[in-house]
Every structure is written in structure tokens, then in C-alpha cells.
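Chemist: Quick one: this structure, given as C-alpha cells, is what I'll be asking you about.
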Amino acid sequence: MEQTFIMIKPDGVQRGLVGEIIGRFEKKGFSLKGLKFITVDRAFAEKHYADLSAKPFFSGLVDYIISGPVVAMVWEGKGVVTTGRKIIGATNPLESAPGTIRGDYAIDIGRNVIHGSDAVESARKEIALWFPEGVAEWQSSLHSWIYE
Ligand code: GDP
Ligand code: MG
């Protein structure tokens with residue numbers, strides 16, 4: 001089954017959005033496979049965002065991600081990468097639709113509350129980076145009530 005990497009950024013933690021965000025993924029029917037509450041260092045954040053290292057906002061982005069603890073998670077389910085991005089909303093909260101996490105809870109692109117993998121391949125890489133120890137093996141007993 002498909003998996004994605006979701007991270008509640010330091011602003012989401014500080015603003016008390018952890019329960020709300022986890023609830024949205026849970027209520028959709030996705031399964032939580034891994035979760036940790038951690039503060040990462042600069043080298044780790046630079047690795048996570050390596051693809052953006054040439055961008056002018058890169059150092060500010062890294063400062064933001066290391067500014068406090070984050071909630072790192074692995075969520076599993078059919079189509080979870082694409083649907084997870086829809087639940088999160090557009091990168092710039094000025095353009096994220098109301099009803100999405102960023103659309104409901106953020107204003108500035110540099111304080112957009114949450115990260116989600118943008119493709120199955122990047123999800124695989126990000127899960128390996130953040131959860132080198134692996135994730136939980138379990139299946140929800142609600143499985144047959146969610147999947148036909
Ligand atoms: P995402 O996949 O929707 O998170 O967007 P990207 O992968 O393109 O960018 C990663 C993160 O960098 C975004 O979530 C923003 O926090 C930040 N970011 C992207 N573009 C900008 C920008 O133009 N300015 C600033 N300050 N931050 C940006
Ligand atoms: Mg991205």
C-alpha cells in the first residue's frame with residue numbers, strides 16, 4: 001500500500017494544530033504508520049530540502065524548519081501521496097483553497113504549517129531519511145469498512 005511522509009512544521013506545533021492535522025488524516029481513513037516528535041539540526045534539514053538548495057529562500061526555509069520541534073509522520077493508504085497533497089493545499093496559502101490545511105490555517109508561504117511528499121518516489125526517500133529504523137507493521141481493523 002502507498003505511503004507518504006507528512007511533517008507538521010514548527011509553526012504548526014507552536015500554534016496547537018497537531019491534533020487537528022492528525023485528525024484530518026485519520027478521519028479520511030488513512031493509517032498512521034510512524035510518528036515522532038523531534039527537533040532536527042541544520043544538516044538534516046538541508047538534506048530533507050536538498051532539491052531546493054539553489055533557491056533564494058533556502059537558508060530561511062532551513063532556519064524555519066530547525067526553529068522548534070516538528071511532528072514527523074508516515075501515513076498509508078490508497079492514493080495517499082496525491083490525496084495528502086490535496087488535504088494540505090497549495091504551497092502558497094494565499095492560493096490554497098479553504099478546507100485545506102494551509103487554506104484554513106496559514107497566510108505566508110514561509111509559515112505554511114505542514115509538509116507532504118510530492119510523489120511516490122520522494123515519499124520513499126523522505127521516509128527512509130526520517131524513519132531509518134522503519135515504521136510500524138499493522139493493519140487497522142476498520143480496513144474492510146474503508147476499502148471495498
Ligand atoms: P511544498 O512541496 O508545497 O511544501 O513546496 P516546495 O517543495 O516547493 O517548497 C518547500 C517549502 O519551501 C514550502 O512548503 C515553503 O515553506 C517554502 N517555500 C517555497 N517557496 C517559497 C518562497 O517562494 N518563499 C519562501 N519564503 N518560502 C518558500
Ligand atoms: Mg515539496
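Using N, Cα and C of the backbone, Cβ positions are placed for all residues, glycine too.
Under the heading active site, pros-phosphohistidine intermediate, TrEMBL lists H115. The feature ATP binding site is assigned by TrEMBL to K9, F57, R85, T91, R102, N112. Summarising the annotation, TrEMBL assigns domain 'Nucleoside diphosphate kinase-like' to 1-137.
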Chemist: Which residues does the residue listed as 'active site, pros-phosphohistidine intermediate' neighbour through Cβ under 8 Å, counting only same-chain ones at least six apart?
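Modeler: Those within reach of the residue listed as 'active site, pros-phosphohistidine intermediate', by Cβ under 8 Å and sequence separation of 6 or more, are F5, I6, M7, K9.
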Chemist: When secondary structure is assigned with DSSP, how many helix, strand and coil residues does the domain 'Nucleoside diphosphate kinase-like' (1-137) contain?
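Modeler: Here the numbers are 62 helix, 26 strand, 49 coil.
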Chemist: Using CB under 6 Å from any atom of ligand 1, narrow the binding-site residues K9, R85, T91, R102, N112 to the ones that qualify.
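Modeler: Passing the 6 Å Cβ check against ligand 1: T91, N112.
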Chemist: Enter the number of other CB atoms within 10 angstroms of the CB of T91 (ATP binding site).
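Modeler: Excluding its own Cβ, T91 (ATP binding site) sees 13 Cβ atoms within 10 Å.
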Chemist: Roughly how wide, in whole Å, is the group K9, F57, R85, T91, R102, N112 that binds ATP, by largest Cα to Cα distance?
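Modeler: Largest Cα to Cα distance for the ATP-binding set is 21 Å.
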Chemist: Who sits close to R102 (ATP binding site): which same-chain residues at least 6 apart have their Cβ under 8 Å from its Cβ?
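Modeler: Residues satisfying the criterion: I88, G89, A90, T91, P93, S96, N112, V113, I114.
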Chemist: Which chain-mates of F57 (ATP binding site) that are at least 6 residues away have a CB under 8 A from its CB, listed by sequence?
Modeler: G110
Chemist: Restricting to the chain of R85 (ATP binding site) and a gap of 6 or more, list residues whose Cβ falls under 8 Å of its Cβ, or answer none.
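Modeler: G116, D118 - these are the non-local Cβ neighbours of R85 (ATP binding site), listed in sequence order.
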Chemist: Over the domain 'Nucleoside diphosphate kinase-like' (1-137), what is the model's mean pLDDT?
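Modeler: Mean model confidence (pLDDT) across the domain 'Nucleoside diphosphate kinase-like' (1-137) is 98.
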